[in-house]
Amino acid sequence: MENKTTSSNFIKNIVIEDLKSGNYKEIITRFPPEPNGYLHIGHAKSIILNFELADEFKGKTNLRFDDTNPTKEDIEYVESIKEDVKWLGFDWEELHFASNYFEEMYNRAVLLIKKGKAYVDDLSAEQIREHRGTLTEPGKESPFRNRSAEESLDLFERMRKGEFKDGEKVLRAKIDMASPNISMRDPIIYRIAHATHHNTGDKWCIYPMYAFAHPLEDAIEGITHSICTLEFEDLRPLYDWTIKECEMENKPKQIEFARLNLTNTVMSKRKLKQLVEENLVDGWDDPRMPTIAGLRRRGYTPEALRNFCGEVGVAKSQSIVDSQMLDHFVREDLEKKTPKVMGVINPIKVVITNYPEDQVEMLDVPYNVDIPELGSRQIPFSREIYIDSEDFMENPPKKYFRMFPGNEVRLKEAYFVKCNEIVKDEKGNIVELQCTYDPETKSGSGFTGRKVKGTIHWVSAKHAIPAEIRLYEPLILDEEDDNEKSFLEQVNPDSLQVLNGFVEPALKSAKPQDKFQFIRQGYFNVDPKNTTEDKIVFNRIVPLKSSFRIEK
Ligand code: ATP
Ligand code: MG
């Protein structure tokens, strides 16, 4: 696969320096998702960054489930995450669950208490918040801060045994209540939660906090470069403090980069979960979702995602990327791979009145002249065909070169036809168009007698396969807003349009996830979830740039 992130970035420069100076002998990175939802394209960015970085320096990357929060995590998410990482094209070196390190983390916490670097606090969460101070004022020390190590050790052990209720006590690091960095003001490192954990069951009722657990997880695995997003920048001193005071042998380095943000896209598992739970979408893998599962079902390719992430690059400051840039990379990749076929998504019947009733011509047409390996197929041509309703206008504006009464157009790969009559029902709806064809004008015959300005696609009515066509618009109308209410208000009510169309008969053998270019309409993917033996469903992946534009 093409690897676009080989271009230089600031993280790579750090790695190069670290190898040169002998700080680290090899590069070990990790992707550490919390299994509390499906992965989204922001995670894809992190996966690609971590795996490609290690790859480039002949290092390794682990997949680690950061499952230290018992209440929100689920094995369904674990399985989906593994599938998504593999689909992106990566193989992890080791697979770990942070919950397997609970015993070791507990022991390190005990070490901190013994060293006088941690204490059990009886203050409530609310009191602790009140004591914390602000950016301009130092915090206040807890009255329990100076209790003896023995007493804290005893209480911590009893917390583990389940003698206290949720919230009754916490373990805090003893650092500095006056630190200008609020995360260094005696952060909570263990809390009580009487909850069943998806991996450890009821073995534990105390759980380490992220800021304490994460550096330990990295150090235990020998991670050298712990790459995370910018919001963890303030936690870096605590990360380093934990590694040092817990006397970890390996000393990983935390490096922050800007998270990926996309226009018209919500990128938070919490919000995505809300869309699923409120049935605003058809599950986590709905083709409108920015989840990896959704993008896959829509028809995006791993290569397109990797090229896109490479182009976005790795930055130190926040930005929002236009989601059309992603579509660009999808088109660029599909253009190199897909057969071009004819599909009519909004059909009108056309009868070619001077074409013999029982005649069928088979036209041999290559799937894609730029990709000869794809071969060719036969397209039947007959007296009755379907064209797209967008390709016909009863009263066209100037410069409309597609079908209208009295105008001649080329049927792609077939003949020139001229529309003579519109047949309507009693309500005035168009039932069919009657045309005549000119047998001299067959495509490939070398006919040069006259030219037409419009070429349109079609399928033979008798031979075409009915297909359900799903067209998508962005799920989110505006840019993401942190306000809960306005996020749901930004959901686009017209993000899905379902049409009953027809595709050429060669697509009978199409399998779920097969991708095609429908000439003039865009790229389409065979939907893996709703396609059945009897009904083929196509998701439009992206339109062609020029789709539905009035030809000049
Ligand atoms: P979310 O806020 O969307 O729920 P998260 O950061 O809580 O995501 P985690 O499972 O904790 O999700 O993330 C796993 C890894 O993916 C972390 O290293 C995190 O920094 C990274 N990550 C998450 N979102 C993005 C993003 N938008 N861009 C880049 N990396 C991301
Ligand atoms: Mg998280």
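Every residue gets a Cβ built from N, Cα and C, even glycine.
All TrEMBL annotations are machine predictions without curation.
For 34-36, 40-46, T229, 259-260, 267-269, the entry in TrEMBL reads ATP binding site. Residue environment of I41 (ATP binding site) contains 23 other Cβ atoms, counted within 10 Å of its Cβ in all protein chains.
As annotated by TrEMBL, L-glutamine binding site applies to D66, Y210. A 10 Å cutoff on Cβ-Cβ distances gives Y210 (L-glutamine binding site) a total of 17 other Cβ atoms nearby, all chains included.
The domain 'Glutamyl/glutaminyl-tRNA synthetase class Ib catalytic' annotation in TrEMBL covers 27-335.
DSSP places the residues of the domain 'Glutamyl/glutaminyl-tRNA synthetase class Ib anti-codon binding' (339-438) in helix, strand and coil in these numbers: 6 helix, 51 strand, 43 coil. Annotation comment: TrEMBL describes 339-438 as domain 'Glutamyl/glutaminyl-tRNA synthetase class Ib anti-codon binding'.
Taken from TrEMBL, the feature domain 'tRNA synthetases class I (E and Q) anti-codon binding' applies to 455-527.
The motif ''HIGH' region' (33-43) scores a mean pLDDT of 97 in the predicted structure. Taken from TrEMBL, the feature motif ''HIGH' region' applies to 33-43.
Long-range contacts of the motif ''KMSKS' region' (266-270) within the same chain: residues 36-38, 40-42, 259-260, 290, 475-476, 480, 487, each at least 6 residues beyond the stretch ends and with a Cβ under 8 Å from a Cβ of the stretch. TrEMBL lists 266-270 with the feature motif ''KMSKS' region'.
Contacts of H43 (ATP binding site) defined by a Cβ separation under 8 A and a same-chain sequence distance of 6+ are given as F31, P33, D84, I292, in order along the sequence.
Counting same-chain residues at least six beyond the ends of the motif ''HIGH' region' (33-43), those with a Cβ under 8 angstroms from any Cβ of the stretch are 65-67, 69, 72-75, 77-78, 80-81, 84-85, 198, 259-262, 265, 267, 269-270, 272-273, 284-285, 289-293, 295, 305, 326. Between the C-alpha atoms of I41 (ATP binding site) and Y210 (L-glutamine binding site), the distance comes to 23 Å. Residue counts for the motif ''HIGH' region' (33-43) under DSSP, helix first, then strand, then coil, are 3 helix, 1 strand, 7 coil. Looking at E34, D66, the binding-site residues in this record, the fewest other C-beta atoms within 10 angstroms of the C-beta turn up around E34.
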